[in-house]
């Protein structure tokens, strides 16, 4: 019965993946992209065209579907090489933010079945800004936050991941009696995901890479699904640290993950611990 319900939920959710709809930084609200009451209006279909298109702090994504190849440059920010958007096209604006402050990202719906970790990375851009910066696969990214499996000592229906329960109502009705528990964020009351900009960072321009890794099909090779997106910050503050190979674990995208990594090739429906992929979370040096 459980496998039938999971299959139903997964099939129904194929066209119902979520994305970051808006970001709040230093009290300023940023639409990512423009909100629309038209449910067919996916994030890559901004209704404003030409000279009327509003400028963004977020880099464009081509589709609300996943990146499934860990060796693809599209893993970086959700671009689509096939569509001519390598990695992801830089945004024209930067959001002003203070080191040590909290940033809130509000997702749209998210399928209950698509359980997995949520991770956030940063990379320092050139002194001229991020608006023309394409990192390639250089190891410049440092992880600032991650969440994975919150519990693993319960039976499957009570399993708690960082992505459970932002599902649409029709998915919820299928799974409701399985009592999938809600997580600290991504709830039906649309609690945002939050990360904190490291307080020690040297002022400058930074690219933030935020992602969900959905593991519902990850028992098979290339079954993991990656949902990355990027936004651009201009960080101020009194910090002086520039993360480098001497004080942080830096990775590239692609390059940070391996398809055979036990955290990528993983049976999410089985109980047991889960080690979040990628480097250790960067910590500011002790004062």
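Every residue, even glycine, has its Cβ placed from backbone N, Cα and C.
According to Swiss-Prot, the features are:
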- 1-16: signal peptide (SIGNAL)
- 17, 114, 227: Cu(2+) binding site (BINDING)
- 22: N-linked glycosylation site (CARBOHYD)
- 77-230: disulfide bond (DISULFID)
- 200-284: disulfide bond (DISULFID)
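Of all the recorded positions in the list 22, 114, 200, 284, the shortest Cα-Cα distance to residue 230 (disulfide bond) is found for 22.
Note on proximity: of the recorded positions 22, 200, 227, the one nearest residue 77 (disulfide bond) is 227, by Cα distance.
Most other Cβ atoms within 10 A: among the disulfide-bonded residues 77, 200, 284, that distinction falls to 77. The number of other Cβ atoms within 10 Å of the Cβ belonging to residue 227 (Cu(2+) binding site), over all protein chains shown, comes to 25.
Around residue 114 (Cu(2+) binding site), a 10 Å sphere centred on its CB holds 28 further CB atoms from the protein chains shown.
In the shown protein chains, 28 other C-beta atoms lie within 10 A of the C-beta of residue 230 (disulfide bond). Cα distances from the residue listed as 'N-linked glycosylation site' to the recorded positions 200, 227, 284 are smallest for 227. For residue 22 (N-linked glycosylation site), the number of other Cβ atoms no farther than 10 Å from its own Cβ, over all displayed protein chains, is 18.
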